[in-house]
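> TrEMBL feature annotations, pasted as is:
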type    : residues                     : note
BINDING : 242, 295, 340, 412           : (6S)-NADPHX binding site
BINDING : 382, 383, 384, 385, 386, 411 : AMP binding site
DOMAIN  : 10-200                       : domain 'YjeF N-terminal'
DOMAIN  : 207-470                      : domain 'YjeF C-terminal'
Ligand SMILES: NC(=O)C1=CN([C@@H]2O[C@H](COP(=O)(O)OP(=O)(O)OC[C@H]3O[C@@H](n4cnc5c(N)ncnc54)[C@H](O)[C@@H]3O)[C@@H](O)[C@H]2O)[C@@H](O)CC1
Ligand SMILES: Nc1ncnc2c1ncn2[C@@H]1O[C@H](COP(=O)(O)OP(=O)(O)O)[C@@H](O)[C@H]1O
């Protein structure tokens, strides 16, 4: 599991070392890490350092200092380096090292293979105005894209989109969610030796092996009931397709049985697609978990089935119109709610918090965490990155996804995946179940996208492949020191 921290958590972790006079060492490690990333980027894009030009736009703080020392190292390798002092002054020692190594200070952005954005890092406050429009070529952000808030991921309008962000000490929460995620590009974390001073993380990111730990491992002694039965309350005469999508996804994720509750016409549609489903008009028979809400609209029978499911005290995932029917807090700790930003804004408004969809999109971690704490349930907030928050404040952010997932019915698929995992993994925490489900869904989206755009009806086939890939332990992306945040800003 990767761990991410707020900007102030990282600054607090640096403090004991700064007090011991190690500030220069920390900056040297950060600068050397940035230098190495720039070398790798130059090798990747132009085959080597010979004849390369790198420009840094630097602010007056330590963020600019990091970049000046990094460029001094590059200059020592023969790279032509220029710096633009965005606020007229710069970190004194950094500038001296840069000039001594042959770097030049300019006023305008000329041609460069890479432009380093080092105006502001964790010391940013208030609105930021970039000194120039974003250059066309490769931008590498030093610690954070200047103007991105390290905690929330909110960003001033003019922030440059980075191709790569080289961040120091630890992954920052603001690079995982909100606009910060889209602006950061690929994120590389440089260890500067503050690990032992870091507190409890602000946010976690599940990796492939964590997802494997949540997925049930096939066992010889399984039988369909012990493996896990999922009750699905989905679909109505108005929205029959949602029931097909939810049950398809649950079956593809793997369950002992799906019991489906819906009006007759919907049951017929589900049975035509999946004859193995056990269907009835009202909740009956035992289940280990419930998936409730997709396509139930205002169907009175489905709504009272929902009440039965809620009263059962079993693990439950609630989506779509089901979210309008959740009772006030506290909910059962095993409940998982799966709103998108608009739905979460409505849920929060019912709790007396006046918030609109754009605010939720801007600070997804904050609002998901607040909703989970207030409701006493796990909240899975959907969007380009999926934020899963537990009532105790634990948050997981999963960014493996594909923009083609933004298609009608893709959320119904996710509900089926969450439901299947709730029914079959009694040992995992709901917040980890939710995050693992988001990973399966996101990876399925990527697999499906290999063949071009798709409708949600085609997603379940890819869900099976995603589950198989996680069970086989195939890493999705270079996770660990480098965090791949796919499609960010592209
Ligand atoms: N603290 C440390 O020991 C280390 C810090 N490091 C680097 O230092 C950075 C933090 O350095 P600083 O605390 O000097 O802060 P920054 O370099 O992020 O910027 C602070 C300066 O920018 C100004 N400023 C703030 N918001 C602004 C805005 N919206 N528009 C214009 N100017 C604004 C401030 O007045 C201040 O002078 C980190 O991001 C990281 O890059 C690294 O060198 C590792 C070690
Ligand atoms: N831009 C995007 N990039 C990647 N995934 C997205 C994006 N937008 C939405 N998603 C994902 O697609 C799904 C959409 O769910 P939802 O909005 O509930 O759709 P529906 O209600 O039509 O089923 C969610 O899992 C969400 O995280």
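All positions are counted from 1 along the displayed chain.
Yeah, the Cβs are placed from backbone N, Cα and C, and that goes for glycine too.
Each of the listed features needs to be described in terms of its position in the shown structure.
For residue 340 ((6S)-NADPHX binding site), the count of additional Cβ atoms within 10 Å of its Cβ stands at 19 [all protein chains shown]. According to DSSP, residue 340 ((6S)-NADPHX binding site) sits in a coil region rather than a helix or strand.
The local packing around residue 384 (AMP binding site), expressed as other Cβ atoms within 10 Å of its Cβ over all shown chains, amounts to 20.
Summarised as a single figure, the pLDDT of the domain 'YjeF N-terminal' (10-200) averages 96.
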> Around the recorded (6S)-NADPHX site, report the further residues of that chain (criterion: Cβ within 8 Å of the mean position of the Cβ atoms of 242, 295, 340, 412; site residues excluded), sequence-ordered.
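Checked against the 8 Å cutoff, the neighbours are 234, 239, 245, 246, 293, 294, 319, 320, 409, 411, 415.
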> Quiz question: given the binding-site residues 295, 411, which has the greatest number of C-beta atoms lying within 10 angstroms of its own C-beta?
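In terms of Cβ crowding, the pick is 295.
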> Which whole-number value in Å describes the distance between the Cα atoms of residue 411 (AMP binding site) and residue 340 ((6S)-NADPHX binding site)?
9
> Given the binding-site residues 242, 385, which one's Cβ is surrounded by the fewest other Cβ atoms within 10 Å?
385
> For the AMP site (382, 383, 384, 385, 386, 411), what does the 8 A shell look like? I mean other same-chain residues with CB within 8 A of the CB centroid.
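Going along the sequence, the neighbours appear as 340, 381, 387, 401, 438.
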> If you count other CB atoms within 10 A of each CB, which of 382, 383 wins among these binding-site residues?
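Result of the Cβ crowding comparison: 382.
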> Which binding-site residues, if any, among 242, 386, 412 have a Cβ under 6 Å from ligand 2, given in order along the chain?
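List returned for ligand 2: 386, 412.
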> So of all those binding-site residues, 242, 295, 340, 412, which one's Cα sits nearest to residue 383 (AMP binding site)?
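Closest by Cα distance to residue 383 (AMP binding site) among the binding-site residues 242, 295, 340, 412: 340.
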